[in-house]
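Engineer: Got these off TrEMBL a minute ago, pasting:
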BINDING   LEU12, ALA13, GLY14, LYS24, ASN52, ASP68, ASP103  GTP binding site
BINDING   ASP103  Mg(2+) binding site
DOMAIN    9-162  domain 'MobA-like NTP transferase'
Amino acid sequence: MAETKPFPAVILAGGLSRRMGSDKAMIPFGRGTLAEHIAERLAPKVASVSLNAPLDHPLAGRLPLLPDPIPDRPGPLAGVLAALLAAKDMPDRPTHVLTTACDTPFLPSELVGKLTSVAAENTVIMAASAGRGHPVTALWPVTVAEDLGAWLDDPDHRRVFEFIARHPAKMVEFAPLDGPFGPVDPFFNINTPEDLAVAQAVLDKGDL
């Protein structure tokens, strides 16, 4: 029986990448860019993969783009809202959307399966490692779209954890990955050139 691919995925890349000094989605990594590397990891497990980024992003034509519905790049929740609104317009009407950041190159192979296995109506399912939640890597019910849109109308409402606290939520724990130099956090994220060097060293020894 073919593997079920029930939910779309959106890679969030609408941030300014201040600490990195350049667009993290476009960093060369693996066989292409960092965003394409993450899309490649997700694609076999989900219905579709899009990149939350402006329509004039350099990856236009290589990945489907989904721009923020709110101007001035207000943060990852705007990308989540874009993903939820797009899902509501899809012909198959998915009940949830998976999001993750564009700077997490070692997403675990079981990410989609473990999150979807506990999917529940009106509940945000968040990935976690070492007891710490990663709210950007989460399975979002489409039913929270209206509340999220209203929440973001207030410019002081930008923190992901604060919005999640308004709704039922679960955390799903993921174990460290076996890396060539020791355990690797499956949600290790690249924020600085030093982080990139670490990730590249792991990749050079063989992807996780």
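Note that Cβ sites are derived from N, Cα and C of the backbone, with glycine treated the same way.
A TrEMBL annotation is a machine prediction, not a hand-curated record.
Here the structure is a predicted model, which means the values were calculated and not measured.
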Engineer: Out of ASP68, ASP103, which of the binding-site residues is least crowded by other Cβ atoms within 10 Å?
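Structural biologist: Counting other Cβ atoms within 10 Å of each of the binding-site residues ASP68, ASP103 gives the minimum at ASP68.
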Engineer: Far apart in sequence but close in space: which same-chain residues, 6 or more away, have a Cβ under 8 Å from LEU12 (GTP binding site)?
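Structural biologist: The answer is ASN52, PRO76, GLY79, VAL80, THR99, THR100, ALA101, CYS102, VAL136.
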Engineer: In DSSP terms, helix, strand or coil for ASP103 (GTP binding site)?
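Structural biologist: Note: ASP103 (GTP binding site) is coil by DSSP, not helix or strand.
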Engineer: May I ask you to report the DSSP-based helix, strand or coil state of LYS24 (GTP binding site)?
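Structural biologist: In three-state terms, LYS24 (GTP binding site) counts as helix.
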